[in-house]
Amino acid sequence: MKEMSANTVLDSQRQQKHYGITSPISLACPKEIDHIYTQKLIDAMKPFGVFEDEEELNHRLVVLGKLNNLVKEWISDVSESKNLPPSVVATVGGKIFTFGSYRLGVHTKGADIDALCVAPRHVERSDFFQSFFEKLKHQDGIRNLRAVEDAFVPVIKFEFDGIEIDLVFARLAIQTISDNLDLRDDSRLRSLDIRCIRSLNGCRVTDEILHLVPNKETFRLTLRAVKLWAKRRGIYSNMLGFLGGVSWAMLVARTCQLYPNAAASTLVHKFFLVFSKWEWPNPVLLKQPEESNLNLPVWDPRVNPSDRYHLMPIITPAYPQQNSTYNVSTSTRTVMVEEFKQGLAVTDEILQGKSDWSKLLEPPNFFQKYRHYIVLTASASTEENHLEWVGLVESKIRVLVGNLERNEFITLAHVNPQSFPGSKEHHKDNNYVSMWFLGIIFRRVENAESVNIDLTYDIQSFTDTVYRQANNINMLKEGMKIEATHVKKKQLHHYLPAEILQKKKKQNLSDVSRSLGGLQSKRSSLDSSCLDSSRDTDNGTPFNSPASKSDSPSVGETERNSAEPTAVIVEKPLSVPPAQGLSIPVIGAKIDSTVKAVSPTAVCTIPTVVGRNVIPRITTPHNPTQGQPHLNGMSNITKTVTPKRSHSPSIDGTSKRLKDIEKFIRLESTFKDPRTAEERKRKSVVNILIVCFRIFTVKLHVSRKVLPSKELPDSSSPVPANNIRVIKNSIRLTLNR
C-alpha cells in the first residue's frame with residue numbers, strides 16, 4: 001500500500017508543469033514543520049507593515065475603479081472632439097492596468113500604485129498630458145498633481161483619495177480598447193513608438209513573472225520576506241546600484257521554479273542557498289528568450305558589446321528582454337553576495353531551531369563596518385531647491401561609486417542608501433542639507449609604512465557630472481552645493497548622533513518611531529527620470545530604524561576580499577524613487593531633520609566641482625597575492641601596482657550558440673533540509689552553472705591623465721548660465737600601517 005502511495009506521488013510529480021529553463025532541483029512537498037516555520041515568518045513580518053488589511057485593499061480597488069472610469073470618459077470625449085462616428089465613440093473603450101508591487105500582490109501599507117493608461121490609436125500622447133491632465137486637475141480627491149513629460153518614461157504623478165499613483169501612457173495601434181485586452185501579446189508592440197513600448201514594459205514584465213511561477217501565493221509571501229530583508233539590510237535600491245523591486249521579484253521567481261512545491265519558509269532559505277553560490281555574471285532567466293520580428297533592441301551579449309560588461313544580469317522575461325540590473329557595480333555586487341551568504345547562515349540557524357526570523361531582519365550597523373568613510377553632502381538654500389538638488393545628486397551617486405572602485409588603491413566603495421540630515425551650523429549659507437555615507441576599504445601597500453592617496457580626480461569628476469547635468473536641465477541655482485569629505489570611523493560622531501552610531505544589537509519599533517521621524521522628500525521633476533522595468537516603486541518608508549550591529553560580527557562585516565573585475569559603467573537615465581508610502585523601518589529612506597548632527601570638524605573637503613569630463617578607468621581582476629582587506633581599512637598591494645583596467649567575464653569564445661539550459665551539479669545531500677544536513681554537504685552547490693549566452697572577453701585600455709598636485713583643469717567645466725561660482729579644492733589623505 002505504501003509502495004502504491006509513493007508511486008502515485010511520483011507520477012503526480014512527473015506530470016507537474018515544468019517552469020523555467022531547467023528542471024527543478026527538488027519536487028519535495030512541505031512537511032508540517034515547514035508550515036510552522038512559515039507561520040512564524042509571517043508573524044515576524046507583521047510588525048513591519050508589509051500586509052494591508054481588508055479595508056485598505058478595498059480602498060485601493062475603489063480608487064482604481066474611479067480612475068478607470070475617468071480614463072474611459074476622457075477617451076470618449078477625445079474621440080468626439082476628433083469627429084469619430086458615434087458608433088465608434090460608444091465602443092472606443094480605454095483601460096487602466098497596474099504593474100509593479102501592487103500588480104504582483106506584494107505592496108505594503110501606504111505604498112504607491114504604478115498604473116498604465118491604455119488608449120486607442122487616435123488618442124495622442126499630447127492629449128494625455130494636456131486634456132487628461134486638465135481633467136484630473138478638476139477632479140475631486142486629486143492632490144499634488146504634476147506631469148513629467150520629458151522623463152525616460154513620461155508620467156503623471158498625483159494623489160487620489162490618499163493613494164499615490166504614478167500613471168504612464170501608451171496608445172496601441174488598434175481602434176478600440178476592450179476590457180479583456182491581453183498586453184502579453186507581442187503583436188501589441190507593433191508600430192508603437194519607443195515611449196509607448198517603455199510604458200507597456202512594466203505591465204508586460206509583471207504579468208509574465210506571475211505566469212512563470214508555479215504557486216502565486218507562495219511566491220508572493222516569499223517575495224514579501226525577501227524584499228523586507230533587502231530593505232532592512234540596505235541593499236534595496238536600483239538607483240544606487242543594488243536591486244530594485246522587479247529584480248528581487250525575478251530572483252524569487254527563479255527560486256520558486258527550482259523548488260515548485262516548497263513552502264515560503266523553505267523558499268526563503270533556498271533563495272539564499274542558490275544566489276550565494278550563483279556564478280555571476282551568468283544571467284538569471286525565467287524563460288528562454290524568444291525571438292521576434294519586431295527588431296527591438298534586446299539584451300544579448302553575443303550582439304551587444306555593452307551587455308558583456310554587466311556584472312549581475314537579471315533578464316526580464318517579456319519581449320524586448322532587458323537587463324534589470326545594469327546599474328550594479330563591482331562594489332554593490334560584492335556587498336549583495338556577502339549579504340546572501342549571511343542570509344544563508346542565519347536561515348540555516350532558523351530552520352535548525354537555533355534562532356528565529358527576527359534575526360534575519362536585523363539591520364547591519366554600517367557605521368561599524370569600515371574604518372574609512374566619505375561623507376557626501378548636498379545643500380541648498382530653499383526647501384524646494386533642496387528636494388530637486390538631492391534627487392539629482394542621489395541619482396548620480398553610483399557614478400561616484402564607480403569612480404572610487406576603479407581607483408587602484410580602493411578595494412571597495414559601499415554606499416549606504418540611507419540619507420541623513422546634515423548640520424545647518426556647518427552650512428551657514430544653506431538651511432537644507434542632506435548627507436550620504438560611503439564606506440571605503442583601501443588596499444595595503446606592501447612594505448610601505450604609509451601611502452599617500454589622492455581622491456581629487458575621482459570625486460571631482462563625479463561633482464562635475466552632477467553640475468553639468470543640473471546645468472543642462474536648467475536646475476542649477478544659487479546655493480546648490482556638493483561637498484565630499486574623507487573621515488575616519490572615530491570622527492563620525494561629528495556628523496551623526498550617538499543613537500545612530502551606537503552598537504545596540506536590536507531596537508524595537510517603538511524605539512525607532514520615537515527616535516526617528518519620517519522626512520519624506522517629495523521629488524518633483526526628477527521623480528521619473530527613468531521609469532524602467534527595474535525602478536524602485538516602494539523604496540521609501542515613514543520611519544527608519546537606525547543601523548545596529550551584532551555583538552560578534554562576522555569577518556565579512558569588518559573586512560572584505562577584493563572585488564571581482566569591474567567594467568565601464570555606462571550612464572543611463574535613472575529614476576528617483578518616491579520616498580513615501582511604506583511602514584517598514586529600512587535603510588534607504590530619509591531621517592527626520594529633527595535628528596540633529598554635530599557640526600563636523602574641518603577635514604579635507606571638495607565643496608564643488610572642477611571642469612573635467614568623466615574618463616572611465618577600467619580595472620583588472622584582483623590578484624589574490626595582493627593580499628586581503630585588513631581591519632584598518634587597507635589591504636595588501638604588491639610593490640608594482642598596475643592600473644586597473646576593464647575585464648569582461650570570459651567564457652569560451654566558440655562560434656557555437658550557447659546552450660539554453662542551466663547545468664546543475666545536484667547531489668541530494670546538497671539540498672537536504674538544513675535541520676538534518678551537515679555544512680559540508682552544501683559545498684557542491686558552488687557548481688551551479690548557468691550558461692545562456694556566449695560572453696566574450698574584451699580588453700580595453702583607457703589612459704588616465706594624472707593631475708599635478710595643485711593643478712585642476714578648467715577646459716570642460718560646466719558654465720552655469722547664472723554665473724554661479726564654482727569652487728575647486730582637492731582631497732588627499734595619508735594612510736599609515
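Using the three backbone atoms N, Cα and C, a Cβ is placed for every residue, glycine included.
Taken from TrEMBL, the feature domain 'Poly(A) polymerase nucleotidyltransferase' applies to 20-213.
Helix, strand and coil residue tallies for the domain 'Poly(A) polymerase central' (218-362), in that order: 73 helix, 6 strand, 66 coil [DSSP]. Positions annotated as domain 'Poly(A) polymerase central' by TrEMBL: 218-362.
The domain 'Poly(A) polymerase RNA-binding' annotation in TrEMBL covers 365-430. Note on the domain 'Poly(A) polymerase RNA-binding' (365-430): its mean pLDDT in the predicted model is 90.
The feature region 'Disordered' is assigned by TrEMBL to 511-564.
The compositional bias 'Low complexity' feature in TrEMBL is assigned to 521-532.
Residues or ranges marked as compositional bias 'Polar residues' by TrEMBL: 539-555.
Residue counts for the domain 'Poly(A) polymerase RNA-binding' (365-430) by DSSP state, with H, G and I taken as helix and E and B as strand, are 27 helix, 18 strand, 21 coil.
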